[in-house]
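According to Swiss-Prot:
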type	residues	note
SIGNAL	1-34	signal peptide
TOPO_DOM	35-207	topological domain 'Extracellular'
CARBOHYD	N45	N-linked glycosylation site
DOMAIN	80-182	domain 'PA'
CARBOHYD	N124	N-linked glycosylation site
CARBOHYD	N152	N-linked glycosylation site
CARBOHYD	N185	N-linked glycosylation site
TRANSMEM	208-228	transmembrane segment
TOPO_DOM	229-437	topological domain 'Cytoplasmic'
ZN_FING	277-318	zinc finger
Amino acid sequence: MTMSLIQACRSLALSTWLLSFCFVHLLCLDFTVAEKEEWYTAFVNITYLEPEPGAAVAGSGGGAELHTEKSECGRYGEHSPKQDARGEVVMASSAQDRLACDPNTKFAAPAHGKHWIALIPKGNCTYRDKIRNAFLQNASAVVIFNVGSNTNETITMPHAGVEDIVAIMIPEPKGKEIVSLLERNITVTMYITIGTRNLQKYVSRTSVVFVSISFIVLMIISLAWLVFYYIQRFRYANARDRNQRRLGDAAKKAISKLQVRTIRKGDKETESDFDNCAVCIEGYKPNDVVRILPCRHLFHKSCVDPWLLDHRTCPMCKMNILKALGIPPNADCMDDLPIDFEGSLGGPPTNQITGASDTTVNESSVTLDPAVRTVGALQVVQDPDPAPQEGEAIFTTNSGQEPALSSDSDISLIMALEVGLSDVELSTDQDCEEVKS
């Protein structure tokens, strides 16, 4: 899995997550708006004349005290018109009919067609039936008081189908207070006015289920993306580690094929004007072991070997030693090919910093005996001491100037060397192909 594909999957998953979040958020807003409930409170103002103790007749006016109480304790029904209502409060004529569940319930309505308000306790039948029975008796309004649990609570009563009469609910204490006054034959007048508008929001079960499912799906998508991402990341890391191990093995093979020399006293590497090791920035001393790379740069063996294992390139010119030696990461054919660059060229290497770049041969395709190398009719003997001895011919090509040829014999010697190397390279390639097959 390439990095571009992983990034594309990451972007797709992130976009999906954001779109899902916005979609769920909008739907949640819609569900919230759909579940809003609007209801109104009602001010209940009652007025009555309470007789003084010892008075013969209640409401006669003599010795009576006028009481007025007003509180925002009522709540309009769901289908009730939101308007004012006034009238005398009455209950059912008989105690058995006070629940007003029977359509034939009779109320003690005042004479002369005065407006009256029916007071009915909760229970035994629906609010709709109670309100309809009072409406059929020409009540101006219906007041239902709560009974039982949560006596101080009022609700928005549903009474669909009976929408032409004002209907409110009051708490049980207020209702029982009015009932006690009526049982004492005290006339109670009630005035109902509109109170505060309220907007209540409810969370429906449908919206909760939908949001929960959407959230779960969103989390599953995110979790699946995370699992996919980390699996691909793990596979990529493993592949990278395997590649590094293969490259490390190939680097070890390549390092084993590179020439190693021991600096001796009198070698030109020990001279003060010779370049230092580019890794440790120290000069070369006798008995120092150096590694010679295919690019003819040399370094201390202990300095350059760790570098080559990690980077597989020359610290100076960045030449890849695997490519220079023709060793792929899984090469098997190159294991038995010893490399001796100095002997193949007939002399010690020349450092590039000094201005002389030597002409090199692809050592990975040349197999020569370490002691004796035969090139055509030319035999070159390698002395254990790599320093040039008197009488030896060292063939190098300087990048700044061409070496002068002293005679025709020198030209013949160079041509023989080139032809011989070509023949040896061809035969070596054939042997390599046979080993592979």
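The backbone N, Cα and C atoms fix where each Cβ goes, and this holds for glycine too.
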TODO: Could you round the CA separation between N45 (N-linked glycosylation site) and N185 (N-linked glycosylation site) to a whole angstrom and send it over?
DONE: 19
- [ ] Could you measure between N152 (N-linked glycosylation site) and N124 (N-linked glycosylation site) for me? Cα positions, answer in whole angstrom.
- [x] 19
TODO: For each of the glycosylation sites (N45, N124, N152, N185), count the other CB atoms lying within 10 A of its CB, then report the residue with the highest count.
DONE: N45
Task: Secondary structure content, the domain 'PA' (80-182) (per DSSP, counts of residues) - done: 24 helix, 24 strand, 55 coil
Task: Averaged pLDDT, computed only over the residues in the domain 'PA' (80-182) - done: 87
